[in-house]
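Worksheet for the structure shown next.
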């Protein structure tokens, strides 16, 4: 049986790609330094993560819990791949979705003050296999707080899938179960990751420029 695939490690000296090689909205042309992870690579990696999730969690009802807002694109694409596996397998399992919204960033810094500002009744998680889907793990404090909250409802199992994990000295050491990409300590935007609500409409994961930070600063 194949083991879980490790995250794709992007080195600290990875230069990324010139913006001119990709389709970038004109209104962001001066606000980005480089394309860091192209959309096609994100999709291919997400497809493999779906297989890993089904292998580890596919024996019981799964509740997929999306962390809004940044996680919604990764969540939607990951679930599409999981549903395809469900349709084309001899063994399929029921899956439901739920949503929670957290707030921990101001400008480009994680504040460490985690606020739950939205979410449904999490009592539906009791006895279920819960897959928390997040866009990025930075310090890890937000996810540790959310895991403590979810475990109060006695789920059968809790696993975390994060598209990105940042290598940063601010990390508390938390690592998710399923990792798309491990990235350097850069502030990235796109593919629903935002800077003060901007850049969610980019398909690629990009590095924001100092011009972009200044323009959209809260």
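Cβ atoms here come from the backbone N, Cα and C positions, even for glycine.
Some features that Swiss-Prot has for this protein:
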- 2: N-acetylalanine (MOD_RES)
- 69, 134-142, 166, 186-188, 194: GMP binding site (BINDING)
- 103: N6-acetyllysine (MOD_RES)
- 115: SUMO1 cross-link (CROSSLNK)
- 138: active site, proton acceptor (ACT_SITE)
- 142: phosphothreonine (MOD_RES)
- 194: Mg(2+) binding site (BINDING)
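Recorded features from Swiss-Prot, shown on the structure.
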| residue | record | CB count, 10 Å |
| --- | --- | --- |
| 69 | GMP binding site | 18 |
| 135 | GMP binding site | 24 |
| 137 | GMP binding site | 24 |
| 138 | active site, proton acceptor | 19 |
| 139 | GMP binding site | 20 |
| 141 | GMP binding site | 19 |
| 142 | phosphothreonine | 24 |
| 166 | GMP binding site | 21 |
| 187 | GMP binding site | 17 |
| 194 | GMP binding site | 17 |
| query | Just the number: how many Å between the Cα atoms of residue 135 (GMP binding site) and the residue listed as 'phosphothreonine'? | reply | 12
| message | To the nearest Å, how far is the Cα of residue 166 (GMP binding site) from the Cα of the residue listed as 'active site, proton acceptor'? | response | 5
| Going by C-alpha distance, which of the binding-site residues 69, 187, 194 is nearest to residue 142 (phosphothreonine)? | 69
